[in-house]
Structure formats: structure tokens, C-alpha cells
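> Would you mind keeping the following structure in view while I ask a few things?
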């Protein structure tokens, strides 16, 4: 009932002020879909899972592992073309390109999703430039074009759109999303591609040069708000954290503590706030210390399980950011499925970078402020 009241109030505010809202649907993660089909173990072995590769590329060719979106679970609708063609996308603050499958992609991966047909759009213009996003075992190949992109009540008549003609592997066959809409800085975008939010800012289509994200714990009422901060989604005050590198939404974490003792990120570390990842990644050595402290044990998928009966006695994990504490309770950093509880912390052997995904964002309403290059955090309702 509370979610319904909040949603109705938000919609009323949107209509009154011209604020743009995109409802986010919480769906099944690709990890869970693969596990249900008995495909996860083989997939992880073949992909040589390294989430850090999502965060190590600049230049003309984007490079992202297929596993980047293995844990994405919040999706929204956009429309491309005239008349509009509908797509479900991950609104991803960890990348900058917009791409969807096209009718020229004939693989089962594409056939299982909505595919854009440029021939049916009177406003489509082929840019004549290739798009290549490299994954662990192949490439998403395609091309760039211009077309009208509609996001809620915002209509951008001249947005660059990537259209895939080839997608690697069968893994995306089971995803609930069609494509990706990146919300990171333009320095991460492929050559000739302009990020959607940058276009909106340049054309003054948003009231303010910022956007905010609320992720409901139960998946109902989750919202991406463009051009505004909505106090109805958080309690207390927003606290601001400066962006340290204008590529991702990257900032400094002072330390990670348990029971007042620093167990990870000792002396400070860099972290990224990423809506395209549901879990919380960190260097394997640091994450292992956290797993040991919370009593988690590794399973055959490389995940860490905890005893569901121990949640009440497990410790709170606290992130200190810009001098303030952001605690994560056991109920926040674990997920329960079919009687098993899994830790929301995962390690990466190839990076010192921390990635604060939905595990963190569900607890803290997040504002991404491009005008001032900062992130705002407040306790979510």
C-alpha cells in the first residue's frame, strides 16, 4: 500500500512540475536464469569472469564482458523511431552507449528480443559508422544511426543509436532486457556516439543537469527521475560526494568497517556507483575478509552462501564515504532464493576498484549530478 501511495504522489508531482520519471521493473537476473537452466557454471568458466573489464576501456571501441550484466535486474522502457518501437533496457550508470538489437541480427539471441527495424521508422538516418563492443568470447557488431528516442515524456529527435547485427554466444537469449542505455560520462562512449543524457542536457530537455535513482527493495515503485531530486524517496538529508574521475560515477571510499574495525579498503579506495550491477564488487582479497567476517562459504558457482538462520546475528558492514557512514545490514547485503541465502559481495581478482551496485543503491537513494560532478546519497525509504 505504501508503494502505491508513493507512486501516485510521484506521478502527481511529475505532472505538476514537468519532471521526467521512468518506472523501473525488477526482473529476474541473467545469473538466475542461467542457473535455472543448468548453464551458469559452464558460462562462468568460458567467460573467465572479470567484472573489471567493464571499467577499463576508453576510446573508439567499447569493451565489456558479457558478465557485466549478469546481475542486472532493474529495467525500464524506451521507444525508438517514428512510429515508436518499444524496447526494455538496462539504465546503466556504468556505460555510456545506447544500443538495441536490429532486424539485421539473425541469431537466436536477437530473435528472442525486440529488434529495431529502421525501414519502419520515417525518422531513421544511417550514420554509416560501425559499432563494435568487445565481449569475453566475441563481439557485438553493429552500426550507428540517428533517430527519435523517447524516454517517458522526453522526445529527442536526433539521438545516436547503436543497432546490433551480431551478438556473441547464447547468453543474452535468456535476458529480460533487449539493450543498454548508458548514463555514464561521454568519455566512455564509442566514437561518433553521444550519450542519451548528454543530448538531453545539450537540448535543454531536462530541468536540471542531474538524474536520480530509487530502487525499491521489493521491486515495486522503483524509479529513475531525470532532471530532478525527489525527497519523497528518502529520509534525512542528501550528502554529496565529489566525482574523482569523470568517466564513471567514481568517488573515494574512506574505509569499510565491521564492528568499528577496518576490514577492507584500508587507507581509502576508489568506487563506482553502478545501476547496471546488482551486487557489490571489490578486490578479491578484501571481499574474502568480509565473507569470512559474515560467515559466508563459497559454492560451486563462485558465489558465497550464508545460513539463512544466522541473519539476525550477522554483522553490519559499514562504508565510510566522505566522512559519513553508510551501513549495510545483513538483510541488505544478502538475498534469499528457494531457501538459500547468498552474500551480495563478490570479489574480482583483476581490479582494485569497488563497484557499488543495487545492493548499495537499494539502501541509499542516489543522485547523479552532472552539473557539479558529484553524487548525492541519502537513506532510501
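Please read every residue number as a count from 1 along the shown chain.
Positions of Cβ are set from backbone N, Cα and C atoms, glycine also.
Features from Swiss-Prot:
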type: ACT_SITE; residues: 92; note: active site
type: ACT_SITE; residues: 274; note: active site
type: DISULFID; residues: 105-110; note: disulfide bond
type: DISULFID; residues: 265-269; note: disulfide bond
type: DISULFID; residues: 308-341; note: disulfide bond
type: DOMAIN; residues: 74-378; note: domain 'Peptidase A1'
type: CARBOHYD; residues: 158; note: N-linked glycosylation site
type: CARBOHYD; residues: 349; note: N-linked glycosylation site
type: SIGNAL; residues: 1-16; note: signal peptide
> When neighbour density is defined as the number of other C-beta atoms within 10 angstroms of a residue's C-beta, which of the active-site residues 92, 274 has the lowest density?
92
> How many Å separate the Cα atoms of residue 274 (active site) and residue 341 (disulfide bond)?
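Between the alpha carbons of residue 274 (active site) and residue 341 (disulfide bond) there are 23 Å.
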> Spatially, and counting Cα to Cα, which of the disulfide-bonded residues is closest to residue 158 (N-linked glycosylation site)? Options: 265, 269, 308.
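If we rank 265, 269, 308 by Cα distance to residue 158 (N-linked glycosylation site), first place goes to 269.
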> For residue 269 (disulfide bond), which of the recorded positions 92, 105, 110 has the nearest Cα in space?
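Closest recorded candidate to residue 269 (disulfide bond) by Cα: 92.
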> Look at each of the disulfide-bonded residues, 105, 269, and point out the one with the fewest other Cβ atoms around it within 10 Å.
269
> 158, 349: which of these glycosylation sites has the highest Cβ count within 10 Å of its own Cβ?
158
> Given the recorded positions 92, 105, 341, 349, which one's Cα is the least distant from that of residue 265 (disulfide bond)?
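With Cα distances computed to residue 265 (disulfide bond), the winner among 92, 105, 341, 349 is 349.
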> Return the single residue from the disulfide-bonded residues list (265, 308) that has the minimum number of other CB atoms within 10 Å.
308
> Would you mind checking how many other C-beta atoms are within 10 angstroms of the C-beta on residue 110 (disulfide bond)?
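Around the Cβ of residue 110 (disulfide bond), 22 other Cβ atoms lie within 10 Å.
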> Cα-Cα, whole number of Å: residue 341 (disulfide bond) versus residue 105 (disulfide bond)?
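About 38 Å separates the two Cα atoms.
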